[in-house]
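*Asks:* One structure follows; several queries about it will come next.
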Amino acid sequence: MASTLFHPAATRHHANLGWLDAYRSFNAGGAYDANRQAFGALQILNDDTVAGGRGFGMHAHQNMEILTFPLAGAIAHEDSLGNHGVIRTGEVQVMSAGSGIAHSEKNHSPHEAAHFLQIWIATDQTGAAPRYDQQAYAPTPNGLVQVASPEEGLAGVQLRQRAWLHLGTLTPGGSTTYVIKRPGNGVYALVLAGEVDIDGRQLAAYDGLGTWDTAHLTVKALSPARVLLIDVPMRA
């Protein structure tokens, strides 16, 4: 029988710094909730809105897969490897921090707010050389599009972890069944828009549902909906 963990959107930790409006699905930034500890290898899932012209200055990371997933607007990236560019809505970026990397992320627009997810997944290759990857994706109506995986050369960015990310875009009444990629993995679903039913549980925008000890799950749209599925090892 499947095990589940439900996170209502209203119970996410919220921090508003003026330039940054952040909602955190898991413990971060000094906040602690016993019900919001890491979901296996999924350590951080932040929903950030950054004011025009503002952002995060240069700072360092190690041994983490850090994904940036714009929902509206664009993010300017620069790092200590010499990478620099813009991550736009419809693209996903991963920075494999490995042995150590410093980077900055700032709103590319001087005036309009940027809205994006930042996702941290524990690596399974500690101490490896840091790397950077960025790819575009195209939503599939009433289906799932892969935006990240461990396999080189397949759709989406490459992760140094046995983890997969898929974006579902559904019309009312549309459904899709996701097969978990490997034994020992679970899936954390974050609803990005609309309302869905996942195996009998109704979720609204920014509700989260973790599911494990099962082979698959079915997502059905109750309204026009978008949902992100994050498939990770339950033991990081």
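Just so it is clear, glycine is given a Cβ too, placed from its N, Cα and C backbone atoms.
Automatic prediction, not curation, is the source of TrEMBL annotations.
Worth saying up front: this structure is predicted, and the values here are computed from it rather than measured.
Pasting the relevant annotations from TrEMBL:
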type	residues	note
DOMAIN	13-121	domain 'Pirin N-terminal'
BINDING	HIS59, HIS61, HIS103, GLU105	Fe cation binding site
DOMAIN	147-232	domain 'Quercetin 2,3-dioxygenase C-terminal cupin'
*Asks:* For HIS59 (Fe cation binding site), which residues in the same chain are close in space, meaning a Cβ under 8 Å from its Cβ, but six or more apart along the sequence?
*Replies:* ALA102, HIS103, SER104
*Asks:* Helix, strand or coil: which one is HIS103 (Fe cation binding site) in, per DSSP?
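*Replies:* DSSP call for HIS103 (Fe cation binding site): strand.
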*Asks:* What counts of helix, strand and coil residues does DSSP assign across the domain 'Pirin N-terminal' (13-121)?
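*Replies:* DSSP classes over the domain 'Pirin N-terminal' (13-121) add up to 3 helix, 67 strand, 39 coil.
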*Asks:* Long-range same-chain neighbours of GLU105 (Fe cation binding site), Cβ under 8 Å, sequence gap at least 6?
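*Replies:* The list for GLU105 (Fe cation binding site) reads GLY55, PHE56, THR68, ILE75, ALA76, HIS77, given in order along the sequence.
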*Asks:* Using a 10 Å radius around its CB, how many other CB atoms surround HIS61 (Fe cation binding site)?
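*Replies:* I get 18 for this one.
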